[in-house]
Amino acid sequence: MTTNNSFEDNDNNQVAFHAFERSIPRPIRFWLLLLLDIPSIICSLFLLFHLLTNKNLRCQIINHLMIVILIIGLIIELVDITFYLKFLHSGIVQPSIPFICMLWWFIDLGLYNGFTIIMAWSSLHRYLFIFHEKIFMQGKKRFVFHYLPLIILLLYILIFYIYVIIFPPCKNTFDYALPVCNNYPCYLDNVVLGIWDSVVNGILPIFIICIFSVTILIRVHYQKRRLVNQRNQWRRQRKMMIQLISSSILYLIPNIPLNVSIFAHLCGVLESVAVEVERRMVRPDAKQHLTIQYGALSLCHGIFQPVAI
């Protein structure tokens, strides 16, 4: 691996970063991010405490994905955001060693994309839970449709990002003068790995979230007429739909423009515009808003009045 502490190989990124610095002063970003991070961590810990210590909540399979999502979000809050706050304070990645950069990349890229993948599975899982809940009643089917996919996805996320970031098939270059060490592991220049990561780990999960959120919205709307004599069941479906749609909207607002720009960049369409959008949107600040809102949303939508199964 090689290490680069100069500005020579990253002129475009440096220009974009300093332009961003001028538009939003560093002290403002530091204090804003810190003030957002603290309540987000408290909210995540509060929710996890009740989900893990309350047996009724812990045993309900609808909460298992929530626990995984909250844990991933908490790691991002504690590591990714802390590193970024330290960078804003000192103006350089500290300590300036490759291990810190690879750890930051793993959290910032790997866990964030992993968060997206789990969110996508959560959308599909919620669809199955609302309209085909009988498959979760039987032991074998419950394992196949609930536990096995989650285990496979978590293993995939860990193995893929450990390989491409920790043991890449190329030489990484680290720029300690940029946040997240320039946030550009060498595998992104690999045709196969770069496209796979962008499309399969980024764009596809966003597409899945959109499809199943809209599908649930439509089906629950039409179920209202059919279940006219089963109001409790319809209210239950509606409650779960609101939880999914609300969290999906909050998640998709910053991610759809970003992934559209990435797709345009991959296709060579409006490349300069796409790159600029990516530079401006791939910020830990934006990710932090997601984790805060998702944690608050989880609390507001009746985490203590769960749907039993």
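Backbone N, Cα and C define each Cβ position, glycine as well.
Automatic prediction, not curation, is the source of TrEMBL annotations.
The annotation transmembrane segment is assigned in TrEMBL to 30-53 (among others).
Positions annotated as domain 'G-protein coupled receptors family 1 profile' by TrEMBL: 43-260.
Annotation comment: TrEMBL describes 65-85 (among others) as transmembrane segment.
Feature annotation from TrEMBL assigns transmembrane segment to 97-122 (among others). The list of residues near the transmembrane segment (97-122) in space but at least 6 beyond its ends in sequence, with Cβ under 8 angstroms from a Cβ of it, reads 1, 3, 65-66, 68-69, 72-73, 75-76, 79-80, 83, 149-150, 153-154, 156-157, 160-162, 165-166, 172, 174, 176, 180-181, 183, 185, 197, 201-202, 204-206, 208-209, 244, 247-248, 251, 255, 284, 287.
Residues of the same chain lying 6 or more positions beyond the ends of the transmembrane segment (143-166) and with a Cβ under 8 Å from any Cβ of it are 61, 64-65, 68, 102, 105-106, 109-111, 113-114, 117-118, 121, 125, 128, 135-136, 185, 187, 193, 197, 201. Per TrEMBL, transmembrane segment is recorded for 143-166 (among others).
Annotation source TrEMBL lists transmembrane segment at 199-220 (among others).
For 241-264 (among others), the entry in TrEMBL reads transmembrane segment.
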